[in-house]
Amino acid sequence: MRATLNSWLFKQVDNSALVAFRIIFGLLLACEAFGSIATGMVRRQFIEPEFTFTFIGFEFLEPLPGNWMYVFYSVMGVAGLMVMVGYKYRIAITYYAITWTYVYLLQKSSYNNHCYLLMLLNYIMIFLPAHRSVSVDSTIDPSIKREHMSRGIYVFIIGLIWIVYAYATVAKFYPDWLDGSFPRYLMSTRGKNWDILQYEWAHEAIKYFGLTFDLLIVPFLLWKRTRWIAVAASIFFHLFNSVVFKIGIFPYMALSFLFFFFSVQKVHQWFLWKKPFYDKGEIIVPKYRNVILAAGSIFLVVMLLLPLRHWTIKDDVFWTEEGHRLSWRMMLRSRTGRATFIVQNKDTGDRSIVNLSNYLSSKQERSVQSKPDFMWQFAQKLKQEYKAKGEDIAVYIDAQVGINGRRPSQFTDPTVDIAATEWDQFKHHEWILPSPGYDRPKPPSK
C-alpha cells in the first residue's frame, strides 16, 4: 500500500502546468495590488474611514498612517511581478502571502470568498516548486532548475478546487435559489445596462446553470470526453461574472486552474513549447514524505470540515450569518437593514441615539445595519470610546434586516446590552432573534 501510494503521488511529471499557473497567478497578484490603488479601493477602505472593521480577534491591526497604504500596495504589486517572472520567488510569494493576510484581516467590509481563496493559494504556492523552470531564479542559479514535479501537486490543487465547487453546490440547495427568487433579485440590481437579464427565462437559466456548473465542473474537466464542454462552460461562466458583477481578478484566477486539468503534454505544447519536456516518469520520494502527506491531508481535512460549522450553530445561517465566512457560500444572498444604536449611561440612565454617519463610511454603515458581527464590533467601539471619556455605558441595538429583497424583519433583541456580550465564532448569539423563514413576500420579476 505504501509503495503504491509512493509510486502514484511521487511519480514525476512535467511541471508546465505549475509554471504556467505561477506566471498567470503572479500577474493577477500584481493586477490586484495595482488595481486596488487605481480604482480607489485603497483610499476608500483604508485611508478615508475613521477605523476599519477587522476580523474579530485581530483588533490590534491598523492601517498604515497617511498615504503609506499606497506604498504598501505598490510593494505588493512589485512582489506579484516578481512571482510572475520567478525572481526571488520564495521571498516574493511569502511577502505577498503575509501582506495579503494583513489587509484581509484588517478590513472585512469588502469580504468575499475570493479574497479567502487568494490567501490560501498564496500560502500553498510558498511550498510548491513553481520557480524551478522558466524563471529568473533558475536562470541565475541553474542548480535549482527542474522540468518536473510530483503528481501529488496535481492531486492537492484539484482537491482544493473540488472542495470549493462542492460546497458552492451544496449552499445553493436552499429555497431562494431553487425557486429562482435570488437570481431574480440579483439581476434586478444590475441596472438598465442589463435589460436582457431581467427576463424570467434569464433567471431560470442562471438558476440551473449556476447549480449545474458548480456540481459538475470538476468531474467534467477530469473526464477527457467532456473536458472541452467544461472548458467552454468555464470561460462563459467566469467571463459572465467578470463583466456583470465586476469581481476583480477571481474569474481569471479560476480560469487559470484549467492548466491542471489538461494532460502535461498539451499544456507544454500550447503554452511552454520552448521549455524542455519531461517524460521520464521517475519516482522520487522525498525524505520528508510523511511530513508532506500529513500536512497536505490535514489542510484538506480542515477545508472539508470548516464550512460545516454553521450546521452546528442554532438557526439559519442565511439569517444569522453565523458560520457564513470561510465556507464557500458565494453569491447566495443580499442583506439590507436599518439599525438604531442607543447608548445609555449606566449611572444617570440618560439615553442618546448614535448618528452612524459620524463614525462610518457608507459601505461600513450598510454592514453595521445588516450583519451581526459588525453590530457587535461597533457596540464594542462605542463602549471603548465612552469609557475613555469616563462613562460606563450600555449599547442597545434595534435592527431590522431583510434578506434577498424581503421586507425587513426584527433582527435584534433591543433589550439586550450588546456591548456587555461576548462573541463566539462557533456559537449562536441569543440577541439575534429567530429567523422569520422563507415564506415572506419576494420582489416580483420585472
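Every residue number used here counts from 1 along the chain in the order it is shown.
Placement of Cβ uses the backbone N, Cα and C atoms for every residue, glycine included.
Those TrEMBL annotations? Automatic predictions, nothing curated.
Not measured: the values here are computed from a predicted model.
If you look up TrEMBL, you'll see 10-266 marked as domain 'HTTM-like'. TrEMBL lists 20-42, 70-91, 152-174, 205-223, 235-262, 288-308 with the feature transmembrane segment.
Long-range contacts of the transmembrane segment (152-174) within the same chain: residues 9-10, 13, 17-18, 113, 117, 120, 124, 128, 210-211, 214-215, 217-218, 222, 257, 260-261, 292, 296, 300, 303-304, 307, 318, 327-330, 332, 438, each at least 6 residues beyond the stretch ends and with a Cβ under 8 Å from a Cβ of the stretch. Using the rule of three or more Cβ pairs under 8 Å, pairs at least 6 apart in sequence, the transmembrane segment (70-91) is in contact with the transmembrane segment (20-42).
Looking just at the domain 'HTTM-like' (10-266), the mean pLDDT is 96.
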